[in-house]
Structure formats: structure tokens, C-alpha cells
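Trainee: Handing you a structure now.
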Amino acid sequence: MTRVVISVGGSVLVPSLDAHRLKEWAEALINLTNAGIQIFAVVGGGGEARRYIEACRDIGLDEASSDEIGIQVTRINAALLIGALKEYAYPVVAESYREAKTAAVSGKIVVMGGVTPGQTTDAVAAVLAEEVGASMMINMTAIDGIYTADPKKDAKAKRHDILSPQGLIDLIMKEKMCAGSNMVIDLVAAKITERSGIPLVVIDGRDPALIEKALLKGEFAGTIVGNSAIRFPIV
């Protein structure tokens, strides 16, 4: 069975606590499962996690402790997604890579949040893709791909259709030098992707149906990092 790890940004899964939005995501993941793809979803904390982390800093907590609380928020979001998936999901949020691999034996959708302080859920997804031998990692975020520059700030920015792992790392390093920059994926995740050789695909997560269109219908719009030989649909 084809295995796919999906990093679902909290900002696209739960921009607000909206049951309809969660059901849309659940429907998309269930349709992928029914098509014969085993899904692993790593859920981010979104704006809620950032608010908690900021509150932690305001009361004087150290960064590691603040991260731990942020991780708890990602796991709450993961639990919400499990609830929406119902019997299609493994019923417990995986809190480690070992737990995720054990849960995968069930054949159900495995959902997890953060794991380690200082590590983003994108990095968690990249490591998980290695651990479970995924054929690809998909980053579902609030933009439709990786651009030459921030499209919100540069009208001339163009979306990359295909990008090498080193090209992604170079782009992230360039952006990190600019105050307030906001890359689609972080440097650690990009380096893990380069190491593993597992292709990274970036798709606009604001519409959950787009992942179905790409994987099941071949209607792909986004950026492929790594193996340019990937062809959609994958089943």
C-alpha cells in the first residue's frame, strides 16, 4: 500500500473552531484512504498555538517549556481531526514516531501532532516520512506552492513547479536573512527531506479537496521538491 505523510497546517485545519472545516478535511482524507493510500497526518498548532506560546513568554516561561505547551495544542488539533475521521482513524493521537509506526499496523489513518520542543510539525512530518517509508510528504499550507519570493510582498514572485532540495534550502536561507520572513517550510524539515530523498509536495491547504484532485485525478497545482519524475495521479 502506498504511504503518504501529510503535514496539515493548523492555520488551514482550524483557522477557527469550525466543525464544517474539520468535516471537509476528514472527507478528503477518507477518500484517499478508500482509494488505497495509507495516510499519516501531522497536525500543526496554527494561530492558537502561537497565542499560547506568546502567553508563556509573557509570564516568563523558558522556550522549551513554551514549546511543550505548543505541542499540547497540536495534539488537541490532532484529536479533533481524529474525532471527525471517526472509524477511519486510529483512535489515539500518536505522541512519538514509534507510536505512529505501531498505529499504522491497523491500516487506519494515523494522526499526530508535535513531538519534540524546538521542532516544527513540518520537521516531524519529514522524519515520519522516513520512519514509515512514505512515497512522498505533502505540505498543506496557506499558499499554493513555493515561490521565488514572498508573493504577498513581491508582485513579480513566481511559483516554482519543480525545485531541488538544495534549491529549497538556499531559498530558505535567503529568506531567513529578511526580518519577518515566512517560509512555507522550515530549514530542518528541508534538510531532512534532502537527506531522505523522499519527494516533498506543497499544495494549497485552504481547499482540502485539492489533495484529492492531485493524488486521485492528476489535477496537480503546486510545487514538487525533489524527484521530478513524480506523476499524478498516484493510484
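Glycine too: its Cβ is placed from the backbone N, Cα and C atoms.
This is the feature table in Swiss-Prot:
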| type | residues | note |
| --- | --- | --- |
| BINDING | G10, S11, G46, R50, T141, Y147, D150 | ATP binding site |
| BINDING | G45, D67, V115, T116, P117, G118, Q119, T120, T121 | UMP binding site |
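Can you walk me through where each of these features ends up in the structure?
Mentor: Taken residue by residue with DSSP, T141 (ATP binding site) is part of a strand. A 10 Å cutoff on Cβ-Cβ distances gives T141 (ATP binding site) a total of 24 other Cβ atoms nearby, all chains included.
The Cβ of T121 (UMP binding site) has 30 other Cβ atoms within 10 Å, all protein chains considered.
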Trainee: Using C-alpha positions only, work out which of the binding-site residues G10, S11, T141, Y147, D150 is nearest to P117 (UMP binding site).
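Mentor: Closest candidate to P117 (UMP binding site), judged by Cα separation, is G10.
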Trainee: Determine which residues of this chain, when G45, D67, V115, T116, P117, G118, Q119, T120, T121 are set aside, have a Cβ within 8 Å of the centroid of the UMP site's Cβ atoms, and list them as they appear in the sequence.
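Mentor: Surrounding the site, in chain order, are G70, I71, G114, A123, V124.
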Trainee: Checking your reading of the structure: which of the binding-site residues G10, S11, T141, Y147, D150 lie inside a 10 Å Cα sphere centred on G45 (UMP binding site)?
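Mentor: Those near G45 (UMP binding site) - Cα within 10 Å - are G10, S11, in sequence order.
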Trainee: Determine the C-alpha span of the UMP site listed in the record, that is the greatest distance between any two of G45, D67, V115, T116, P117, G118, Q119, T120, T121, in Å to the nearest whole number.
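Mentor: It comes out at 14 Å between the most distant Cα atoms.
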Trainee: Taking only same-chain residues 6+ apart in sequence, whose CB is under 8 Å from that of S11 (ATP binding site), what do you get?
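Mentor: Sequence-distant Cβ neighbours: G44, G46, G47, T141, A142.
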Trainee: For V115 (UMP binding site), just give me the three-state DSSP call.
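Mentor: Once the DSSP labels are grouped into three classes, V115 (UMP binding site) ends up as coil.
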